[in-house]
């Protein structure tokens, strides 16, 4: 009995069984059984948005399901993994849950697939890291008046050693590229810069130049501009106020005095004073009432005389 047991040998494994070191076993994805390898087929259709499609095998004319995760070598210019409709691909056939599936999908001979024409391309200029641009220096690139350069910058440039000056001169310059300061870019469309003091002085009478020239302190202040869209400052010639009898002499005296003084001291009249009632109306009302009483007495006297005569 013991000799017969020793002579009996264990059954040999099947020839088609796969060893763990075989390439077919290595090609299995998630312990899936490999049906065929290096099979050529034509893509029937592939949905880039959903990420799946079907491949028609050239040998058996069978449709094989393919998922975007099964694509091994994708087109490097494409952003997503995909295969194009009608493209010839090479793949392995494995057994899936619902039927045959494709795995290790590549182009013929192991080249990358072409990909679908509906798949998004990668950005062309992002392949290599960007070069860091030099720091923006608005005073160098946009300087209309050389005398307006700040003193601190000129003093710093004089005190800087020669080595730093050479490094600043070696900075690359980009021809044809003009950089503007940030405040200029914001007011670029549909807005004009505020008037300077020289422009305000040259304007004629009745305009903004004469109105904005107030006292000696107001001439040096910069013009304040409203940056809200659709704002229109209402600046027009001031309307003349009705002149009374008592104020004619005063205005004549004030005009003669103003002609002697320079025009720069004239200031814009505050419009809030128009709403206030003038205080000089009371004595005038008294004079008018007295004149009315006197005229009434005069008219009553002739009537009385006529009645006596009758």
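From the backbone N, Cα and C atoms, a Cβ is placed for every residue, glycine too.
Database features (Swiss-Prot):
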type	residues	note
COMPBIAS	1-29	compositional bias 'Low complexity'
REGION	1-31	region 'Disordered'
DOMAIN	38-107	domain 'CSD'
SITE	45	site 'Important for C5-methylcytosine-recognition'
REGION	45-50	region 'C5-methylcytosine binding'
REGION	102-310	region 'Disordered'
COMPBIAS	124-133	compositional bias 'Basic residues'
COMPBIAS	148-157	compositional bias 'Basic and acidic residues'
COMPBIAS	176-191	compositional bias 'Basic residues'
COMPBIAS	242-253	compositional bias 'Basic and acidic residues'
COMPBIAS	265-279	compositional bias 'Basic residues'
COMPBIAS	292-301	compositional bias 'Low complexity'
Which same-chain residues, if any, lie at least 6 apart from residue 45 (site 'Important for C5-methylcytosine-recognition') yet have Cβ under 8 Å of it: 53, 54, 85
Tertiary contacts of the region 'C5-methylcytosine binding' (45-50) (same chain, 6+ residues out, Cβ under 8 Å): 66, 80, 82-85, 116, 118-119
Summary of DSSP states over the region 'C5-methylcytosine binding' (45-50), given as helix, strand and coil counts: 0 helix, 3 strand, 3 coil
The domain 'CSD' (38-107) - residue tally per DSSP class, helix then strand then coil: 3 helix, 38 strand, 29 coil
Per-region confidence, the region 'C5-methylcytosine binding' (45-50) (mean pLDDT, whole number): 92
